[in-house]
Amino acid sequence: MKQVDLTERQIEYWWRRRRAQDKPTTLVKFCETSWRCIYYTYSFIFGCIVMWDKPWLWDIKACWYGYPHQSVTNDIWWYYMISMAFYWSLTASQFYDVKRKDFWQMFAHHMITILLMALSWVCNLHRVGSLVLLVHDCADIFLESAKLTKYAQYQKVCDTIFAIFTVVWIVTRLMLYPRIIYSSSVEAPQILPMFPAYYIFNTLLILLLVLHVCWTYLIVQIAIKAIKSGQMEGDVRSSSSEEISDSSENSRPLLTNGGTPKKQASKNGTTATGVSASPKKKQ
């Protein structure tokens, strides 16, 4: 206060504004979410085109018939390589993108996904691996779309998309995906002999399901709050409140080049923050 000749309240305002500078803007979050939404939409459509004529899409047991002598077609190769590159990029960009409250859960999810893809590719388990990829891409489209409409302040559209996302998530992550795990845990041992890498692969699939259950709990919480309040209250993966109070928004001290508060008196005797420079109340 003595160094910059400001009141204690003005210093508090300045600190709040200074901390807010490190937080991402809505535009930054919108761009980041748009990129992921475009990818998931492309990946799901491309996956459907690639998998449509594959027998294991309609009968999961076909993943195990003839193993390990199962050839890899060009479309499956591209589907795998593009998906692998995307998850590697997510893992790397997670450290400098918008900070989320489930940072470590997402990091574990990306690492498990990459390990699953690498192991399934090396062990020629690409059939079941492609099914897992297809199931996971579907719900993410609606999640990212709900975020986009939230950032764009289309609340009713956001609520509708979020409701669709909740249904799709439960169907794909808690119904279809466990069906794949059932096939790998129960049906696969009946068709082919087991090998050490199989147990690692199946354990990673189950760990991924555990993460889905945890996220489902968060999603249900958001849905319940949305029903009670009449609108979705936030991003499932967003950090704690990123908004600052109106008082600190309207009370904006000027900053010098060094990042310290700078006093600027106006004609009516107040500083640029809109608060009187003197801590004493004007008589």
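Every residue, even glycine, has its Cβ placed from backbone N, Cα and C.
Predicted automatically and left uncurated, TrEMBL annotations should be read as such.
The feature compositional bias 'Low complexity' is assigned by TrEMBL to 238-251.
Feature annotation from TrEMBL assigns compositional bias 'Polar residues' to 266-276.
TrEMBL lists 28-228 with the feature domain 'TLC'.
Here TrEMBL flags 237-283 as region 'Disordered'.
The transmembrane segment annotation in TrEMBL covers 77-96 (among others).
Under the heading transmembrane segment, TrEMBL lists 103-122 (among others).
TrEMBL lists 157-177 (among others) with the feature transmembrane segment.
For 197-220 (among others), the entry in TrEMBL reads transmembrane segment.
Non-local neighbours of the transmembrane segment (157-177) in the same chain are 132, 135-136, 138-139, 142-143, 145-146, 149-150, 208-209, 212-213, 215-216, 219-220, 222-223, 226, 231-232; each lies 6+ residues outside the stretch with a CB under 8 Å from one of its CB atoms. Beyond the transmembrane segment (197-220), the same-chain residues lying 6 or more positions past its ends with a Cβ under 8 Å from any Cβ of the stretch are 102, 105, 108-109, 112-113, 115-116, 119-120, 122-123, 125, 132, 165-166, 169-170, 173-174, 177-178, 180-181, 184-185, 188, 236. If you look at the transmembrane segment (77-96), the same-chain residues 6 or more away from its ends with a CB under 8 A from one of its CBs are 39, 43, 46-47, 50, 103, 106-107, 110-111, 113-114, 117-118, 121, 126, 129-130, 133.
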